[in-house]
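J.: Below are the structure tokens for one structure; questions will follow.
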Amino acid sequence: MTNIRKTHPLAKIINNSLIDLPAPSNISAWWNFGSLLGMCLILQILTGLFLAMHYTSDATTAFSSVAHICRDVHYGWIIRYMHANGASMFFICLFMHVGRGLYYGSYLLSETWNIGIILLFTVMATAFMGYVLPWGQMSFWGATVITNLLSAIPYIGTDLVEWIWGGFSVDKATLTRFFAFHFILPFIILALAAVHLLFLHETGSNNPSGIPSDSDKIPFHPYYTIKDALGALLLILALATLVLFSPDLLGDPDNYTPANPLSTPPHIKPEWYFLFAYAILRSIPNKLGGVLALIFSILILAIIPLLHTSKQRGMMFRPLSQCLFWLLVADLLTLTWIGGQPVEHPFIIIGQLASILYFTILLVLMPIAGIIENNLSKW
């Protein structure tokens with residue numbers, strides 16, 4: 001009798017994705033982040049669901065309902081902090097996952113890569129709207145500043161912003177609709193992640209060497225299930241440490257003050273995972289130019305496959321490109337630091353230089369390095 005996991009219509013899908021899937025024999029820990037992102041997403045959906053049971057999306061009671069969750073709901077504080085810090089873990093895994101794709105040339109699997117970019121935008125939108133929900137000072141002013149960027153769009157800008165707000169400022173209507181979107185988007189992300197996997201399994205995974213691995217495949221289970229389990233354990237350990245020892249480490253103290261439209265906080269800034277994009281936005285004096293740079297800072301990922309000039313897929317054997325890649329990482333860390341600083345000398349000029357360097361590395365230096373390395377390999 002044939003094993004049920006290979007014949008049952010539903011079990012067959014799971015079997016072909018998680019058990020009998022042929023995987024390259026040499027994929028490193030950098031390939032763990034896909035499963036970790038899946039775990040983060042499930043964790044966020046579950047903690048979010050329990051938070052939604054006690055949260056009220058009304059401007060007058062939203063802040064109090066979050067305080068009520070932390071004080072009066074059984075283990076409400078741990079659910080709330082797991083959700084807030086789970087988002088940080090989600091973004092750490094996302095950045096690692098995208099960085100791995102850039103380093104090892106995984107962007108050449110174009111369908112998977114493009115769905116990944118859509119996923120990145122969707123997760124960023126979800127995180128932004130989630131940050132508005134506690135209705136603290138930074139929630140309110142963050143929502144005001146970021147939605148206001150759309151007013152830079154010529155002709156329809158102002159109307160568009162007021163349409164999103166549901167009035168003439170960020171108010172009750174804005175909070176209610178943000179809650180509705182924040183609730184539905186994770187399920188859309190889940191569906192997109194399934195499509196992401198579907199496209200990946202059409203071609204199979206890339207591997208660190210960048211050489212096709214069809215001649216050397218191993219079953220996903222038990223080799224990579226146990227490897228993913230170790231990664232999951234380490235992620236849970238990191239998250240638990242953060243939640244139980246310093247839950248407010250990555251948050252903003254201003255968000256413990258209820259939203260007040262009459263008092264602007266001295267420094268409006270988003271959560272840490274948006275600071276690099278926020279720094280790029282601020283480094284351009286023109287409003288529309290800043291918005292375009294902000295969008296393009298993420299959208300640039302879509303043209304990376306077109307700029308691939310090297311004969312080799314990954315950067316494993318390309319020292320010039322490796323140097324540029326790590327320079328890019330250092331540049332992004334610099335931008336993240338600048339995004340959290342006030343707009344004054346010397347931070348303005350550092351931010352502008354870091355922004356120029358970011359686009360220069362990706363659009364100019366990396367393609368040139370690929371060509372140089374092709375020529376060097378002829379020697």
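The backbone N, Cα and C atoms fix where each Cβ goes, and this holds for glycine too.
Pulled these features from Swiss-Prot for this protein:
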BINDING   His83, His182  heme b b562 binding site
BINDING   His97, His196  heme b b566 binding site
BINDING   His201  ubiquinone binding site
TRANSMEM  33-53  transmembrane segment
TRANSMEM  77-98  transmembrane segment
TRANSMEM  113-133  transmembrane segment
TRANSMEM  178-198  transmembrane segment
TRANSMEM  226-246  transmembrane segment
TRANSMEM  288-308  transmembrane segment
TRANSMEM  320-340  transmembrane segment
TRANSMEM  347-367  transmembrane segment
J.: Verify whether three or more Cβ pairs under 8 angstroms connect the transmembrane segment (347-367) with the transmembrane segment (33-53), leaving out any pair fewer than 6 apart in sequence.
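T.: They do not touch: fewer than three Cβ pairs between the two stretches lie under 8 Å.
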J.: With the transmembrane segment (178-198) as the reference, which stretch in 77-98, 113-133, 226-246, 288-308 has the largest tally of C-beta pairs below 8 Å?
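T.: The stretch with the most contacts is 113-133.
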J.: Might you list, by sequence position, any residue in that chain lying six or more from His97 (heme b b566 binding site) with a Cβ less than 8 Å away from its Cβ?
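T.: In sequence order, the residues whose Cβ lies under 8 Å from that of His97 (heme b b566 binding site) (at least 6 apart) are Phe33, Gly34, Leu37, Gly116.
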J.: So which of 77-98, 113-133, 226-246 is most in touch with the transmembrane segment (288-308), counting Cβ pairs under 8 Å?
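T.: Ranked by Cβ pairs under 8 Å, first place goes to 113-133.
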J.: So if I measure Cβ to Cβ from His182 (heme b b562 binding site) and keep only same-chain residues at least 6 apart in sequence, which ones fall under 8 Å?
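T.: Within the chain, His182 (heme b b562 binding site) has Cβ neighbours under 8 Å at Gly48, Thr126, Met129, Gly130, Leu133.
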J.: Rounded to a whole number, how many Å is the Cα of His196 (heme b b566 binding site) away from the Cα of His83 (heme b b562 binding site)?
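T.: That separation, Cα to Cα, works out to 24 Å.
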J.: What is the one among the binding-site residues His83, His201 whose Cβ has the most other Cβ atoms less than or equal to 10 Å away?
T.: His83
J.: Measuring Cα to Cα, how many angstrom lie between His83 (heme b b562 binding site) and His201 (ubiquinone binding site)?
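T.: Roughly 30 Å, rounded to the nearest whole number.
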